[in-house]
Amino acid sequence: MASSSSISNHKIPNTLMFLVIVNFLYLIQTNSAVSISSNSNSHFSRFSRHRSSPSSKTKQGFLATVQESMNHALLARSLAFNLTLSHRTVQTHTFDPIHDCLELLDDTLDMLSRIHADNDEEDVHTWLSAALTNQDTCEQSLQEKSESYKHGLAMDFVARNLTGLLTSSLDLFVSVKSKHRKLLSKQEYFPTFVPSSEQRRLLEAPVEELNVDAVVAPDGSGTHKTIGEALLSTSLASSGGRTKIYLKAGTYHENINIPTKQKNVMLVGDGKGKTVIVGSRSNRGGWTTYKTATVAAMGEGFIARDMTFVNNAGPKSEQAVALRVGADKSVVHRCSVEGYQDSLYTHSKRQFYRETDITGTVDFIFGNSAVVFQSCNIAARKPLPGQRNFVTAQGRSNPGQNTGIAIQNCRITAESMTYLGRPWKEYSRTVVMQSFIGGSIHPSGWSPWSGGFGLKSLFYGEYGNSGPGSSVSGRVKWSGCHPSLTVTEAEKFTVASFIDGNIWLPSTGVSFDPGLVN
């Protein structure tokens, strides 16, 4: 049998030939994409003048750009897959960011394939926003490994072409999206949602009443000893409904990945600090930030309840994610997320966190999802000497993305001087409202990322906060900073308006406040 190195050497010429062919196809198809985008723009211009009667040409123009993006995504995936075969190593994670791109492209293809003329507007907006985020993440992983991974340039070229097409699709969609969506007034908001008895069973009922599909116990008293085994077993036996996996009290030293195709997974533990999942991957340890996550969930409808996610790589290990979520319509309830730098990666799509504790140091809540935190405890730990703490680092890279971080009715505290956030990407968007802000939050509130980057294009808002750190008199004076939002402005970042939670959250059984809290 040939050695792995000889196999790799044999495949490299084929890979290079494949690159030449793919790049040639990209040059041809990009020209056609420009033509389609140009024609589609004219369709959308007509639609903008006659919004009440969109023509079939308008829809066809938009769908054509989506199809073009999908064609390029398929080519990019073929390239990524070929590169994973040609660059096998013993320590794959240390050198190969292409696996990140491959996983993200699968997610993008899943979303693009679901777009058709009759989709709900907010679903389409979410999918296009997430597809762009996936490209940003692929490029970030390639950049993190640029010195050790020599095929990164080819993948980066393909990724950037796809990014351009997805940007065109998103721009066209935003240009025609209904501008007349009615925001509920404060008086019209219904009170805190209380789930029905049947819905409450999902997130409130004792485990014994849940009719779980698998039981995981380290001592062998369940159906499986590891979470990974339970996920694999239930995925093979799934009938398409919700899969409920009970994790008995104990410490699980595993890295868990719930892929895009594994939807509606619910992990149920015995409580914070009782059911604990621990990992130690870190950027300094050779992993891309994306792959450092102790638990990663990409499958739509993910729910986690009553457990703790930990990355114990330590404060000197740089990026080390405890929980990464890129699952649409996901809920994290009564959990704890513990780490240092980059503890919680709210990667993409619509997410909701309730009664959850999040601890960390640098940028410990980051990503580009549309996410609302309610009734959570957010605590910054003591940083390393000379290090500064930032609660958030929101990653919105395009003004058309419907993403951002909304922190409502939470407690934000810190062991040392900490900033509410800084702009990871140019159009970073974060709002803190109706929350308690401790005295260790810096009077300026927000910090630059680097120089003047994003300070005019970001959106940082505050509304109705309390506590010794809530005074806005010393807040930064950037044009993108809004320390005193109006009621109307704040309502845009509530559960009902920002993540359409009043539509999909009831089925999860979690209690939530759809609007501003009285």
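Just so it is clear, glycine is given a Cβ too, placed from its N, Cα and C backbone atoms.
Binding of substrate is annotated in Swiss-Prot for Q319, R422, W424; the matching candidate from T288, T289, T356 at the same site is T289. Scoring each of the recorded positions (N161, T289, Q319, Q341) by how many neighbouring Cβ atoms lie within 10 Å, the top position goes to Q341. Within 10 Å of W424 (substrate binding site), judged by CA to CA distance, lie the following recorded positions from the set N82, N161, Q341, D342, D363: D363. Here N161 (N-linked glycosylation site) is positioned 23 angstrom away from T289 (substrate binding site), judged by their C-alpha atoms.
The two recorded residues, Q319 (substrate binding site) and Q341 (site 'Transition state stabilizer'), show a Cα separation of 5 Å. R422 (substrate binding site) carries neither a helix nor a strand DSSP state and counts as coil. Each of the active-site residues D342, D363 was scored by other CB atoms within 10 A of its CB, and the lowest score goes to D363.
Mapped onto three states, the DSSP output places Q341 (site 'Transition state stabilizer') in coil.
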